[in-house]
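Colleague: Here it is: the structure, laid out below.
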Amino acid sequence: MSDKVRIGVAGVVVGVLALLLMKFGNPPNMGFCIACFLRDIAGALGLDHATKVQYLRPEIVGLVLGAWLTALFTREFRPVGGAAPWTRFTLGFFAMIGFLAFLGCPLRMVLRLAAGDLNALVGLAGLIAGVITGIFFINRGYSLGRAQPQGRVGGYLFPGMMLILLIFIFAKPSFILQSKTGPGSMHAPVLLSLTAGLILGFLAQRVRLCMVGGFRDYFFFRETYLLTGFFAILITAFLGNIFWLHTFKLGFAGQPIAHTEALWNFLGMTLGGLASVLLGGCPLRQLVAAAEGNTDAATAVVGMIVGAAIAHNFNLAASPQGLPPNGQFAVVFGLVVTALIGWLSRPIAARRQAQA
Amino acid sequence: MESLVDARGLLCPEPVLMVKREMERLGGKGRIKVLVDSGASKENISRLARSRGWAVTVQGEGPEYTLLLEK
């Protein structure tokens, strides 16, 4: 099977899984949303005070464990780290601020678009603007340096953390919080969510699925491999919304878990897209890389979780009413910090070359 | 002459970019040995090379690979 057929088939399966999860109880247009689900996990762990977004999403746990087992089996599990972990934490943090201003990661953006939510089209334009900005920095010599091999223990810690969350999902200890209303209360049955996550993890590890990498590689190399996956998910979810779930509704207003403030949908995704390109991939890709033993990616994921908690504690996250002023400030501030990281993170060799 | 690109420890898209620059530096033909340590880099570089008409030979079974690109 050719590469593109493989990632196309994977995209179709991911699209079908997302539709299934929505049919069986996940929030609307949120079959998968890596950013939202990490945010729900932050809520379930009690890291913030938002009572409507607390749920230990089995999709995330399944995704990491699925990718981890696949990497072990294919001998691609390799503990590495040490390429600017704190910078990656910060980029993960601001990526989340951006995604929560839009209300979704690039994967949910595709699902929103597939359901006719035109705000997601504005988000897509913002994402592409962020990717192009990231490419500008990379062409200038942006790099976070080389990761070094680490001891095996380091690589097992992140999947290990997910195993503990898996125990919590089934044991339901009282310190794990669960929303009674709002998006956190809406979820597919645990076993379905977990299985869908495992399959997503397996597929994403195998075909290297990345929702920002598609545009990045297209603009860089005219390479359409990852973009094939992106469009396969989009088309599958689009057809499923029309003919199966009957949830397709074209327009800007009244879309589920979305707002209509174009500027902030655009800039939120610009921030998320830029930070993702500087990290080397979207939140989904970061989770898979962390499962493969990349401790820097694990650090970026924790940055996202902390970003989500702060976003809800400081009233930075958007709601269907729009993005609060605090959030508007945070997005602009995040764009400045992220751009500075992109501008200033150049290895000595690239700087010398530029001077010569 | 064979040139060497060491892309170990780097995440996408840096390894592909390094190889692309090396191809351009060599004037679009020659022999390039590439060291990578992830399956994603191995596949991305192979894809770029083949799309530009370079022959690709992969050595190693992971997680470290050596790619030999020739044109």
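These residue numbers are counts, starting from 1, taken along the chain as shown.
Using the three backbone atoms N, Cα and C, a Cβ is placed for every residue, glycine included.
When I checked TrEMBL for this same protein, it listed these features:
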type     : residues  : note
TRANSMEM : A:7-25    : transmembrane segment
TRANSMEM : A:55-74   : transmembrane segment
TRANSMEM : A:86-109  : transmembrane segment
TRANSMEM : A:121-141 : transmembrane segment
TRANSMEM : A:153-171 : transmembrane segment
TRANSMEM : A:186-204 : transmembrane segment
TRANSMEM : A:225-244 : transmembrane segment
TRANSMEM : A:264-284 : transmembrane segment
TRANSMEM : A:296-314 : transmembrane segment
TRANSMEM : A:326-344 : transmembrane segment
Colleague: At a C-beta cut-off of under 8 Å, are there same-chain residues at least 6 beyond the transmembrane segment (A:121-141) that contact it? List them, or none.
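Modeller: Answer is 98, 102, 104, 106, 109, 112-113, 212, 215-216, 219-220, 262, 265-278, 339, 342-343, 346-347, 349-351, 353-354.
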Colleague: Report the listed stretch (A:7-25, A:225-244, A:326-344) having the maximum count of Cβ pairs within less than 8 Å of the transmembrane segment (A:264-284).
Modeller: A:326-344
Colleague: Please figure out which one of A:7-25, A:296-314, A:326-344 racks up the most CB pairs under 8 Å against the transmembrane segment (A:186-204).
Modeller: A:7-25
